[in-house]
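Participant: One structure is given below, represented as structure tokens, and several questions about it will come after.
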Amino acid sequence: MKNSIISYPRIGANRELKFAIEKYFKNQSSKEELLKSAKDLRIRHWQEIQKAGIDFIPSNDFSLYDNVLDAAVLFNIVHTKYKNLNLDALDEYFAQSRGYQGENGDVTALAMKKWFNTNYHYLVPECDNADIIALTGDKIFKEYLEAKELGIESKPVLIGIFTLFKLIAFKDEKTQKLAKEKLLNAYIELFDKLNELKVTWLELDEPYLVYDLSKEDIALFEEFYQELLNHKKDLKILLQSYFGDLRDIYPKLLESKFDALGLDFIEGKQSLALVQKYGFAKDKILFAGLINGKNIYTNDYAKSLKLIKELQKYTQNIILNTSCSLLHVPYSTEFESKLDSNYLKLFSFAKEKLQELKDLKEILNSSEENPLFRANQELFKNIPERLDEKVKARLKALKKEDFTRTPSFKERALIQKEFLKLPLLPTTTIGSFPQSADVRSNRLAFKQEKISAQNYTEFNQQKIKECIQIQEEIGLDVLVHGEFERNDMVEYFGENLKGFLFTQNGWVQSYGTRCVKPPVIWGDVSRTKPITLAWSKFAQSLSQKIVKGMLTGPVTILNWSFPREDISLKESTEQIALAIRDEVLDLENAGIKIIQIDEAALREKLPLRKSDWHSEYLDWAIPAFNLVHSGVKAKTQIHTHMCYSEFSDILKEIDAMDADVISFEASRSNLSLLDTLKAIRFKTEVGPGVYDIHSPRVPSVEELSLTIEKILNKLPKEQIWINPDCGLKTRAYEEVIASLKNLVTATQKIREQL
């Protein structure tokens with residue numbers, strides 16, 4: 001029995017990659033220094049994986065920004081607008097990631113989307129010229145040879161041709177048709193080069209196969225691989241899936257020329273049933289994904305061994321594997337000195353998951369009962385308490401009316417118009433303002449008890465004053481307090497709610513250099529005291545203008561945390577919803593007129609198969625949001641915000657959240673969402689982001705005016721809010737002030753024309 005992993009986290013044990021790239025962005029290091037830091041990290045990771053006793057060690061899973069972009073660049077799928085900048089390869093790569101504004105031109109970044117049902121974001125490759133598609137990159141070969149120099153025969157990992165093709169945004173059908181042929185030839189050439197290098201295994205990741213597949217999808221997949229697998233020669237090909245099961249294509253895969261199939265037995269609800277029904281091919285190896293790559297709890301060896309024994313009825317050719325890439329979990333628990341050992345023993349991050357694979361391999365390869373198995377089972381005895389009877393009783397007492405806000409949206413809109421007295425096209429921001437080094441230092445000093453609560457509060461109050469003043473000078477209509485007290489929109493609430501645990505170094509990559517530290521939902525959740533009330537009251541006291549209360553919604557708190565596995569996601573979410581509801585009512589009672597409840601991650605846990613959307617998710621996720629705000633008065637305006645996702649297919653459900661205003665991150669997706677809003681007669685007022693805050697470029701007044709005009713062409717003017725597409729926390733003040741001034745100027749200019 002051997003073992004394998006799909007991919008390893010690339011950010012480093014202490015986010016070394018993030019800091020190295022950010023230094024390069026700030027011109028504080030050279031290209032050579034950045035590339036050396038990246039290589040050092042790769043070497044460290046390979047040696048770590050090798051030391052842990054992993055047999056199939058991945059290469060080419062490392063990325064400076066995003067692995068989908070890496071695959072696109074490998075095959076020269078680069079839009080002409082980036083080619084025309086005439087930058088070197090690295091800066092062209094980063095121009096696609098972040099946009100570019102300089103002497104060579106001014107271009108926006110590629111659109112960003114959620115990677116399937118995770119909190120990782122990938123960049124959407126754009127193809128306007130299929131003629132240039134060819135194998136022009138060499139990253140996959142270089143990194144294989146780097147590992148080879150260390151004495152490691154690695155397994156290069158690459159996004160498969162079918163998934164890559166489905167993720168590309170093509171200019172038109174003609175481009176798409178030509179791209180199909182060119183991309184196939186490029187993959188064939190890739191196979192040839194890997195054969196020249198005498199590579200043993202290539203892993204092709206095809207997560208798109210876990211979606212509901214149409215007949216056309218299956219035909220396209222077969223068309224690609226029937227040709228491609230004829231060119232594999234000595235190269236062995238592992239078809240790797242994750243985030244679900246292969247129910248639509250599994251029997252066909254058994255008859256294909258793949259040498260191995262990677263199945264997900266964690267999220268693949270039907271993976272085991274498929275093997276039981278159809279068996280497994282004698283000429284193939286089964287890479288069994290049984291170590292959870294998306295959650296942080298210790299593997300129960302009894303369950304894993306039971307699964308393996310069942311699979312061995314159908315095949316003896318089994319490799320122990322992770323369910324997906326380990327980039328979705330933190331690096332290692334060895335940096336967690338503050339967590340009680342009773343909790344920590346039940347956590348397994350990426351490095352610990354390597355040990356689990358090693359243990360399972362050893363247990364399966366030994367003839368008698370192994371002490372490793374006994375030690376694992378001991379961990380699950382004396383688990384710390386998780387239940388709170390008061391929370392259970394409160395959930396039990398909920399009635400149908402607790403999930404419905406009255407009066408209707410239409411009636412509320414009239415009441416709010418009279419009460420709030422806002423101008424046409426009201427301007428606002430999403431919530432956070434830049435967090436400079438002194439803000440972070442102040443928070444850290446308070447956490448480390450180096451300063452008093454009074455000093456901490458006074459510092460933040462001064463920052464809030466400055467933030468309110470800046471917004472008033474710019475001329476925004478609805479203000480925010482800036483969120484200087486918050487490290488992260490989810491972690492902050494988790495820290496102030498009972499039932500959460502926190503790591504010191506549990507960083508996970510969200511996109512590029514952005515990392516998040518998800519809290520752990522350990523027990524029943526409740527609010528023991530107000531969380532944001534004092535900050536909101538203070539901010540509102542500084543201005544005659546409305547200052548929004550800012551909260552994170554229950555679904556986002558759940559989706560951006562590591563969830564419990566002992567109760568349903570529905571129950572966990574409703575517990576959080578009741579806690580946030582208490583905060584909403586406190587804010588309203590304190591005179592806060594607009595309360596924003598962000599559901600940035602609403603789409604994240606949406607099942608990948610449409611048939612499961614309602615029963616497994618939307619039927620409880622939408623009511624949980626309703627539960628948060630159903631108790632407020634008609635005159636209180638409820639806002640929500642949603643991040644990078646595709647929303648067009650769940651807009652009716654979003655409308656059913658019954659918020660008064662919703663802001664979307666729509667700027668990177670070219671405002672295409674507006675057509676759908678118009679088509680379904682979306683009732684909620686909307687603020688489609690008018691510029692992309694994930695890029696350092698400052699949009700001009702003309703550019704913003706054009707965007708606002710586009711929005712006005714699609715939606716009634718009374719329904720529109722003007723705002724950036726996300727919070728401003730990661731930007732510099734000079735960019736923010738310049739961009740917001742242009743936003744207000746453009747809005748005023750348009751108002752005069754209406």
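Backbone N, Cα and C atoms are what each Cβ position is placed from, and that goes for glycine too.
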Participant: Looking at the L-homocysteine binding annotation from Swiss-Prot, with ILE430, GLY431, SER432, ASP598 already listed, which candidate in GLU378, GLU483, GLU646 is the matching residue?
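Facilitator: Between GLU378, GLU483, GLU646, Swiss-Prot records just one in the L-homocysteine site with ILE430, GLY431, SER432, ASP598, namely GLU483.
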Participant: Could you look at GLU466, GLU472, GLU473, GLU604 and say which one Swiss-Prot places alongside ARG15, GLU16, LEU17, LYS18, LYS114, ARG514, CYS515, TRP560 in the 5-methyltetrahydropteroyltri-L-glutamate site?
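Facilitator: Only hit among GLU466, GLU472, GLU473, GLU604 in Swiss-Prot's 5-methyltetrahydropteroyltri-L-glutamate site, alongside ARG15, GLU16, LEU17, LYS18, LYS114, ARG514, CYS515, TRP560: GLU604.
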Participant: Of the recorded positions ILE430, GLU483, CYS643, HIS694, CYS726, which one has its Cα closest to the Cα of LYS114 (5-methyltetrahydropteroyltri-L-glutamate binding site)?
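Facilitator: In terms of Cα distance, LYS114 (5-methyltetrahydropteroyltri-L-glutamate binding site) lies closest to CYS643.
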Participant: What whole-number Å value do you get for the CA-CA distance of GLY431 (L-homocysteine binding site) and CYS726 (Zn(2+) binding site)?
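Facilitator: Distance between the two Cα atoms comes out at 8 Å.
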Participant: Ten-angstrom check, please: count other Cβ atoms within 10 Å of the Cβ of LYS114 (5-methyltetrahydropteroyltri-L-glutamate binding site), all chains counted.
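Facilitator: There are 19 of them.
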Participant: Where CYS643 (Zn(2+) binding site) and ASP598 (L-homocysteine binding site) are concerned, what is their Cα separation in Å, rounded?
Facilitator: 9
Participant: According to DSSP, which of helix, strand or coil covers SER432 (L-homocysteine binding site)?
Facilitator: strand
Participant: Would you kindly give the Cα-Cα distance separating GLU604 (5-methyltetrahydropteroyltri-L-glutamate binding site) and HIS694 (active site, proton donor), rounded to the nearest Å?
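Facilitator: HIS694 (active site, proton donor) and GLU604 (5-methyltetrahydropteroyltri-L-glutamate binding site) have their Cα atoms 19 Å apart.
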Participant: Work through the recorded positions one by one (ARG15, HIS641, HIS694) and point out the residue whose CB has the fewest other CB atoms within 10 angstroms.
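Facilitator: Counting other Cβ atoms within 10 Å of each of the recorded positions ARG15, HIS641, HIS694 gives the minimum at ARG15.
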Participant: Could you tell me the C-alpha distance between ASP598 (L-homocysteine binding site) and HIS641 (Zn(2+) binding site) in angstrom, no decimals?
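Facilitator: Spelling it out, the Cα of ASP598 (L-homocysteine binding site) and the Cα of HIS641 (Zn(2+) binding site) are 5 Å apart.
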